[in-house]
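Chemist: Got these off TrEMBL a minute ago, pasting:
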TRANSMEM  21-46  transmembrane segment
TRANSMEM  58-79  transmembrane segment
TRANSMEM  99-118  transmembrane segment
TRANSMEM  138-159  transmembrane segment
TRANSMEM  171-195  transmembrane segment
TRANSMEM  201-221  transmembrane segment
TRANSMEM  242-261  transmembrane segment
TRANSMEM  318-339  transmembrane segment
TRANSMEM  391-415  transmembrane segment
TRANSMEM  421-442  transmembrane segment
Amino acid sequence: MNLRRCFRVVFSPGFGGELKALTRLAWPTTVASVLEYVMWMMPIIFCGHLGKIQLDAVTLAISVVNVTGISLGFGLGTACDTLMAQTFGSENKMRVGIILQRSILILLLCCFPCWSLYMNTEKLLLLIHQDPEVARLAGEFVTLFIPALPGVFLFLLATKYLSTQGIVYPAMFINLAVNILNVPANYLCISYFGWGVRGAAIATGVTQYLLCFFMFLYIRVRKLHLQTWPGWKSDCLQEWGVYIRLAVAGLLMVCLEWWTYEIGTLLTGLIGTVDLAAQGILITINSLNYMIPMSLGIAASIRVGNELGAGNPVQAKLAAKVSICTFCCYAVFATIILLSSRHVIGYVFSSDKEVVSLIGEVLPIVCVTQLADTVQAGCAGILRGCGKQKLGAIITFTGFYLLGLPFVAIFMFVLHLGVKGLYFGLGMATIFQCVCFLITIARMDWKQESLKAQSMAGIKAEENVSHCNDSISGEEELDKEDKIPNGSLGRAGHRVWPGQTTTTKVTTTTTARVTATASTFFDVLASKSLRVFSHDRKNSTLFFKTNFT
């Protein structure tokens with residue numbers, strides 16, 4: 001009986017439909033992410049044929065570009081996951097275009113500090129004792145990439161602009177087309193014209209602007225902007241505080257974990273070449289494996305944000321539940337694949353038996369880390385859909401910097417566990433993060449989150465109340481397992497007000513109760529509407545709990 005009840009709780013009505021909606025968003029996003037990864041690998045492949053120094057320089061340069069530039073834009077762009085998704089789910093869809101304009105301005109301003117770091121790349125690399133020739137070539141690559149950074153940010157925002165509306169195929173097909181053009185572009189710039197590392201930077205910059213150009217051209221030609229683009233408005237210069245608070249918290253939420261893995265790679269380099277080579281392969285495996293949960297997390301943030309903005313807390317909760325189940329299933333599947341191939345997967349990247357053997361020893365630890373990391377990546381998407389980036393950033397900082405890194409140092413340099421110690425520490429941090437995210441989602445007040453989402457989308461107070469009451473009625477229907485009490489609910493699960501006919505018998509007592517509830521509802525709404533939607537969250541929550549539940 002308990003097993004049956006558990007099954008019904010997990011696979012509740014609407015589970016299959018929500019799973020289809022999540023999958024339709026996730027798989028094109030995954031393909032697009034893989035294609036973007038391949039695009040960045042192409043200059044490394046071509047420069048690898050020029051020599052070891054050129055290979056090291058381009059690899060290092062791309063790492064610098066990602067860590068000091070693209071990661072910042074990606075983190076700041078997470079505010080769109082909240083604001084655009086919630087706003088598009090509401091009736092105020094033109095506001096999505098205003099948010100896009102605001103995002104463009106903020107991310108273009110973000111380019112300036114990134115450029116200052118890019119221009120000093122060579123000096124920064126020399127400070128951490130990199131080879132002078134490698135540092136010089138890497139500095140040239142990063143400097144030539146400076147004009148391309150706005151193109152990267154604009155394509156990122158255009159992708160989010162469409163994906164939060166449920167339009168995910170353009171990014172996939174445009175990435176595929178530009179990947180096809182990327183191969184001859186790299187060949188011409190690197191090999192044919194003999195520009196070497198400089199040619200790699202030029203080809204990479206050109207492909208980024210091709211992505212941006214084709215995306216905006218597609219939006220324009222297919223008229224995908226008509227429903228959400230009001231034209232450039234002065235409103236985009238307002239409410240920067242809300243966006244920046246979400247953006248900075250999202251930046252920390254994304255980058256704190258990202259930077260921890262980069263720090264771990266630097267620490268591994270202090271141990272020995274075998275451990276460093278193994279870590280390079282392991283982090284590549286991690287990156288490839290992470291693309292699916294990352295895409296699922298993006299899809300989850302869209303689904304949850306859309307439903308909260310539409311005033312459907314019950315459906316938003318179901319979307320979160322389906323997402324978590326999907327993350328867990330994929331995590332188990334990926335773990336089984338990695339464990340079963342742990343002794344041979346290293347040969348895909350290296351022929352050194354010592355390196356391959358070390359990878360086989362470390363992979364079981366990595367699998368535990370990836371198991372938790374997959375679930376937390378999806379949960380992070382749910383939190384972004386709810387606008388909980390600040391809480392996510394606090395949990396991430398606590399897990400990785402107060403718990404993970406200290407234990408990494410102990411395991412690696414005190415207990416001399418090498419790269420195994422790195423993943424022991426990272427595993428502890430990731431498990432802590434995953435558990436905290438799950439607890440946060442389990443304790444979430446979805447009705448209150450829906451009201452907040454509609455408020456951020458600019459929906460009026462009366463509409464907020466109406467949406468939430470409809471959704472609450474639906475939740476009561478699900479909770480009572482379709483057993484409709486006499487006089488309280490009609491066929492479709494909506495409340496029966498005086499004067500409304502229904503085929504269900506309505507007792508005198510219940511009718512009086514419903515009439516009293518309706519009277520109380522309108523009286524209190526008229527007299528206290530300002531207090532309900534004021535910034536006094538405590539009083540507002542008390543009001544809703546007292547009168548609507």
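Positions of Cβ are set from backbone N, Cα and C atoms, glycine also.
Where the annotation comes from TrEMBL, it is an automatic prediction and has not been curated.
Could you place these features in context, so I can see how deep they sit and what lies close by?
Modeler: Remote same-chain residues near the transmembrane segment (21-46) are listed as 55, 58-59, 62, 159, 163, 166, 168-169, 171-172, 175-176, 178-179, 182-183, 186-187, 190-191, 200-201, 203-204, 207, 287-288, 291-292, 294-296, 298-300, 302-303, 319, 322-323, 326 (criterion: CB distance under 8 Å, separation of at least six residues from the stretch ends).
A Cβ distance under 8 Å defines the sequence-distant neighbours of the transmembrane segment (58-79), meaning residues of its chain 6+ beyond its ends; these are 40, 43-44, 47, 103, 106-107, 110, 114, 117-118, 121, 125, 130, 134, 137-139, 141-142, 145, 149, 152-153, 156-157, 160, 197, 200-201, 243-244, 246-248, 250-255, 258-259, 262, 384, 389.
Here the transmembrane segment (201-221) has long-range neighbours at 39-40, 42-43, 61, 140-145, 147-148, 151-152, 154-155, 158-159, 161-162, 170-171, 174-175, 177-178, 181-182, 185-186, 188-190, 195, meaning same-chain residues at least 6 beyond its ends whose C-beta is under 8 angstroms from one of its own.
Same-chain residues lying 6+ beyond the ends of the transmembrane segment (391-415) with a Cβ under 8 Å from its Cβ atoms: 249-250, 252-253, 256-257, 260, 263-264, 267-268, 271, 380, 383-384, 421-422, 424-426, 428-430, 432-433, 436-437, 440.
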Chemist: Tell me whether the transmembrane segment (99-118) sits in contact with the transmembrane segment (171-195), defined here as at least 3 Cβ pairs under 8 Å among residues 6 or more apart in sequence.
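Modeler: Stretch pair does not touch.
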Chemist: Please indicate, using numbers and ranges, the residues of the same chain that are 6 or more beyond the transmembrane segment (138-159) and have a C-beta under 8 Å from a C-beta there.
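Modeler: Residues 32, 57-58, 60-62, 64-65, 69-70, 73-74, 77, 80, 100, 103-104, 107-108, 110-111, 114-115, 118-119, 121-123, 125, 130, 171, 197-198, 200-202, 204-206, 208-209, 211-212, 215-216, 219.
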Chemist: For the transmembrane segment (242-261), name the stretch out of 171-195, 318-339, 421-442 with the most CB-CB pairs under 8 Å.
Modeler: 421-442
Chemist: Please indicate, using numbers and ranges, the residues of the same chain that are 6 or more beyond the transmembrane segment (318-339) and have a C-beta under 8 Å from a C-beta there.
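Modeler: Hits for the transmembrane segment (318-339): 10, 12, 14-15, 18-19, 21-22, 285, 289, 292-293, 296, 299-300, 303-304, 307, 345, 363-364, 366-367, 370-372, 374-375, 377-379, 381-382, 438, 441.
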